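Q: Have a look at this one.
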Amino acid sequence: MADNRRRRSLFDFLLFSVFLGLACLCLSPIPATAQRRKLRFSVNGEFKILQVADMHFANGAKTQCQNVLPSQRAHCSDLNTTIFMSRVIAAEKPDLIVFTGDNIFGFDVKDALKSINAAFAPAIASKIPWVAILGNHDQESTFTRQQVMNHIVKLPNTLSQVNPPEAAHYIDGFGNYNLQIHGAADSKLQNKSVLNLYFLDSGDYSSVPYMEGYDWIKTSQQFWFDRTSKRLKREYNAKPNPQEGIAPGLAYFHIPLPEFLSFDSKNATKGVRQEGTSAASTNSGFFTTLIARGDVKSVFVGHDHVNDFCGELKGLNLCYGGGFGYHAYGKAGWERRARVVVVDLNKKRKGKWGAVKSIKTWKRLDDKHLSVIDSQVLWNNSANKLVVR
């Protein structure tokens, strides 16, 4: 009984926090341009990213949980998702929060605007920069995909973009953009991007006749990615403090590439595969585009909630985030989870921070202790070729 009272108190506190945050949002809207900030590595030479995949948020306390234990059903709702997010943000203190689609479950949503605001409320309250891309369910309420992104980019503390201005006239989808992570303050690379993040809209469902299934990353998006990657390489190699090679990158989108089908329980490096991969219905060649450019070291997706593995194919890590939300389907007794990525810088001989040294990841479970599992190194610049001159 005491546990239930504590749980209800926490629910009430979070409901008040969400209400207060939304009230402030309505009374004091912050223009998106005013929120833009330069992201950079910390004085400790680290940049941490929290991935939240498949919240499937609907109507708050009135929304029932899916696939939980019988003992959890009576007191389980969207608020469990809210509580989990607040806990993991407090525990990890990330530098950036990334929502990789199906943020709301449109079919069950009564008020799209209210559900979107509530879904992101813990991130907004944390005042940590955050970004979002769309999945295949975000637009299934009263908002179109464009309307969803148009609203998201106006929320406080977000760095999300509808599309890059230079590509808005030709690019497919809504939510394609790049963020640059600059070197540590007071280092020679403080004004140079040493880590590049790519966010892409993988769409929802195929609109091509006789090609039913999930959507895919289009040629126009790949063209934008290729141009952006090449431009960032030129900037990385340029004076002042020119660097060799290309800065490493990470890519985030919702629907898995067909190449995720290459893995099973035997060759996935960490994590589990508990369901089939619901990949894009056609192979548009984006994996090949990523390999050809060479900067992206890891891809992170959602969509298949009870898969949370990473697998390496041709030097590129393909990783699931694992299902986060309680209104999303899951597996009873298999905890909801979030993926954390930490990128570390190389320390130079004089004690200053240099370019990226390694990329690591682990997952946090929504259990009593927020257990950490499946720690692994995704990429290590062992050759130390990215040197500060």
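Placement of Cβ uses the backbone N, Cα and C atoms for every residue, glycine included.
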Q: According to Swiss-Prot, His303, Asp304, His305 bind substrate; so which of Asn136, Asn150, Asn157 is the extra one listed there?
A: Asn136
Q: Since the record lists Asn136, Asn380 as recorded positions, which of them has the fewest other Cβ atoms within 10 Å of its Cβ?
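A: Comparing Cβ neighbours within 10 Å for the recorded positions Asn136, Asn380, Asn380 has the fewest.
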Q: Considering all pairs of residues in Asn136, His303, Asp304, His305, annotated in the record as contacting substrate, what is the maximal C-alpha distance expressed in whole angstrom?
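A: Per the listed residues, the maximum Cα distance equals 13 Å.
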Q: Note down the number of other Cβ atoms within 10 Å of the Cβ of Asp304 (substrate binding site), including every protein chain shown.
A: 24
Q: Among all the protein chains here, how many other CB atoms are within 10 A of the CB of Asn191 (N-linked glycosylation site)?
A: 12
Q: Determine, for the substrate site, the additional residues of the same chain whose CB lies within 8 Å of the mean position of the CB atoms of Asn136, His303, Asp304, His305; present them in sequence order.
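A: Residues close to the substrate site, other than Asn136, His303, Asp304, His305: Ala53, Asp54, Asp102, Gly135, His254, Ile255, Pro256, Ser278, Val301, Gly302, Gly323.
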Q: Using Cα-Cα distances with a 10 Å cut-off, which of the recorded positions Asn80, Asn136, Asn191, Asn267, Asn380 are near Asp304 (substrate binding site)?
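A: Candidates kept after distance check: none.
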Q: When DSSP is mapped onto helix/strand/coil, what comes out for His303 (Zn(2+) binding site)?
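A: Once the DSSP labels are grouped into three classes, His303 (Zn(2+) binding site) ends up as coil.
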